[in-house]
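Scroll down for the structure; my scribbles are underneath it.
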C-alpha cells in the first residue's frame, strides 16, 4: 500500500522504515530540511539498534523516501499516519498544535478515500474532534486511532513482534485498511485489537501510566528494603514471578523518564481532573517519581558524610535508559542538575547520549568526557545512573586504581556486589542499607 508518515521523529521514523521493509511504499515527510537531507544519505537522527539495517534495505528496495514538501504526490497515499509530537502544556494537558498543523497541511492534498491515522499520543476524543474540525472545513475523511507501544532501545523488535496492535475506528472501511496495512504482522500471529476511537486513545495513556505505577511502587519498596535490611532484587523476582503481575518494570532505580511516561501520566491526570475524578494513584505516582532524583542525591550525600560541596563525582550514564540516545526527562540528567546546584564538580560519561546531553545541559562545573576512565579519575564517588551493559562489564580493578575514594553507588543495580567488594570498593545499590563509614577514616580508602 502507499503510506505517508507526517513527522519523522522517533515514532514516525521507526514506523516508516519498518513499514517500507515489510513491503509498503512509504514516504516520510518532515518539516526539518536538514533531517530529511541526512536521511536521504542514510544518516539517522536517532540511535536505535538495527534501525540502520532496515533503513538500508527499504531504500535499496525503492520502498522508502524522505521529503519535506507537501504536494500533490500525497494524492497517491491510501493512508496518512500522523506521528508528530504532542508535548505537555504547563497544565499537563497534551498540546495538539502540531497534530492540527499536520491535519491542515495534508487535507489540502490527499484524495477523498485516504484514511487519516492518528498515531501520535493524544487524549480521548481527539479523533472525534479532528473529524468535526475537518467537517467544518468541508472535508469528510475517515479518521482512525492507532497508538504506538514502541520501547526506545528495542523499537525495531517491538514493531516487528508486537504484543498487540490497537486500532480505534468508527466504520468498517477504516478497519479494513488498517488490517491490510498490518497484514504481514497479523499473519505471523500479532493480536489485532479493534475498538472505538475513544477507547483506543485511552489504552495508550492507561498502559503507560500503569507501567509507571509499577516502577514507582518498586522504587518505594526499595526504600523500605533499605531501612529494614530486605533484598530488593529478590523481592522483585518473588513478586514478578506471579503471572498476574509479571517481572517487567519491577527494577528499582532512580525513577522513570523519557518522552512518554512522564508526559502521558501528566496528561491522564489532567484528563481525569477535567472530568472531576480524584485519581489519587496518578497523583501519588507523579509525586513519587518527581522526588526520586532528589532522593538519589540524598543517598550520594550520605555516603560522603553529608557534605557534597566541592566534591568530584563521576556520573556514568546520562540517557533515561540503556539502548537509546534520548535524554528527555532523564533521571540521570536531573541528578546531575541537583548535584551542580550543590556546588559539586561532575564528570559525566555516556556511550551513546553525550551529544544530546550537551545540548540539554551545560555548566561550568560539568565536564563531558569520552571514556569511563577519564570520568572516574580522582573522583570521590562513582554514580551509575543508566544501566548500560558496558558499565557492568568494566575492568573495575582498573577503575579502582584511578579513583580518589573507591565508592560506587549503583542506581540501576547492575553490578555484582561481592565482586566489587573483593576489589576493594564500597558498593551500594538501590535498596541496600547505607552502612556509612566516614570518609575521613582513611583506613577504608586509598587516597590518590
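Every residue, even glycine, has its Cβ placed from backbone N, Cα and C.
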Same-site residue for substrate (record: Swiss-Prot; known: 148, 149, 150, 151, 152, 204, 208, 249, 250, 251, 252, 253, 257; options: 89, 311, 321): 321
Whole-number Å value for how far residue 17 (NAD(+) binding site) lies from residue 257 (substrate binding site) (Cα to Cα): 25
Other C-beta atoms that fall within 10 angstroms of the C-beta of residue 30 (NAD(+) binding site): 23
Residue from 2, 5, 152 whose C-alpha is spatially nearest that of residue 252 (substrate binding site), among the binding-site residues: 152
Residue, out of the binding-site residues 14, 17, whose Cβ gathers the largest set of other Cβ atoms within 10 Å: 17
Listed in sequence order, residues with CB under 8 A of residue 5 (NAD(+) binding site) and six or more positions away: 12, 13, 15, 16, 19, 26, 27, 28, 29, 80, 81, 83
Neighbour tally for residue 260 (active site, nucleophile), based on other Cβ positions within 10 Å of its Cβ: 25
